[in-house]
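Beneath this line is the structure, given in structure tokens, with notes to follow.
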């Protein structure tokens, strides 16, 4: 005797690997990591500006070396105490982390150089071009696509930067060159950091440690070769407590800033991290109008700054508002990234013949 039954079997058709989406983090984690990065970035710009401009410290490269050394020491001690975990050094590390160290040192040096050369408002205005560069690199390297609304908000930020920069009466060709190079390094560093976070054995702390570890000695040698190190060592205010306090604060904030960037990139996209930095920079520009002492006010510049902040706020609203909405299944059977295809299977149960 044969019994025929019909069983319902569900096959799950997963999307192609190229279309897989990253794990979705909660809106709260995204917002808190972004706020942490914004505050850290704001504080270190103010401290660095104080050291390089008010105290006239002659070596922005030596300041970068101090920040790298502090990062190495903090993470090494934390690893020895098993507070953090990342892979021990071997040859594979160089392959895993490349080209981040090169981008890291380029970002550090050009950022500090442009901070010294430009006023705070113009520094923050020209940094807006990092956003457009990041969007292009994410599309090219990470194969990401962006909704039109986000693209328009980014273009508004860049347009506002162009309007603000058009009124710059203190044009500094060298400062502009440094800031545009810094934009390229920052964009590339953000995109590659997002890409390397998924590399086995590295993680957030491994990226920070090995970035600083690999490049601190070459940077120190470059500083000595150019005479920059001698200028830093012979600086006249090393025995003055206010300057030393600011220098140590900058070194610690260098570590905090790099950690906040990696954390924000982990929970958000590289583009979101860049836009958050842009919004923070406009706040720095407003403060620089009153406290910096080197800002030349014009209505054109002020209008451009307001266009920038408007575009940045729209981008933030679209990003964090959409990420806080849970994904819902529709009636066609599509749930998230899984396509549910119901099918019927004929089965034959063979029973003993009585």
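Cβ atoms here come from the backbone N, Cα and C positions, even for glycine.
A TrEMBL annotation is a machine prediction, not a hand-curated record.
Remember, it's a predicted structure, so these values are computed and weren't measured experimentally.
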Among 118-136, 175-193, TrEMBL lists transmembrane segment at 175-193
When pLDDT is averaged across the domain 'Sugar phosphate transporter' (32-316), the result is 82
Counting only residues at least 6 beyond its ends, the same-chain positions whose CB falls under 8 A of a CB in the transmembrane segment (149-169) are 121-122, 125-126, 128-129, 131-132, 135, 271, 275, 278, 296, 298, 300-312, 314-315, 318-319
Proximity of the transmembrane segment (205-222) to the transmembrane segment (59-77), 3+ C-beta pairs under 8 angstroms:
yes
Tertiary contacts of the transmembrane segment (59-77), defined by C-beta under 8 angstroms and 6+ residue spacing from its ends, are 48, 51-52, 84, 86, 105, 108-109, 112-113, 115-116, 205, 208-209, 212-213, 215-216, 219-220, 222-223, 226, 228-229, 231-232, 235, 247, 250-255, 258
Same-chain residues at least 6 beyond the ends of the transmembrane segment (242-263) with CB under 8 Å of its CB atoms are 33, 36-37, 40-41, 43-44, 47-48, 50-51, 55, 57, 63-64, 66-71, 74, 190, 193, 197, 204, 207-208, 211-212, 273
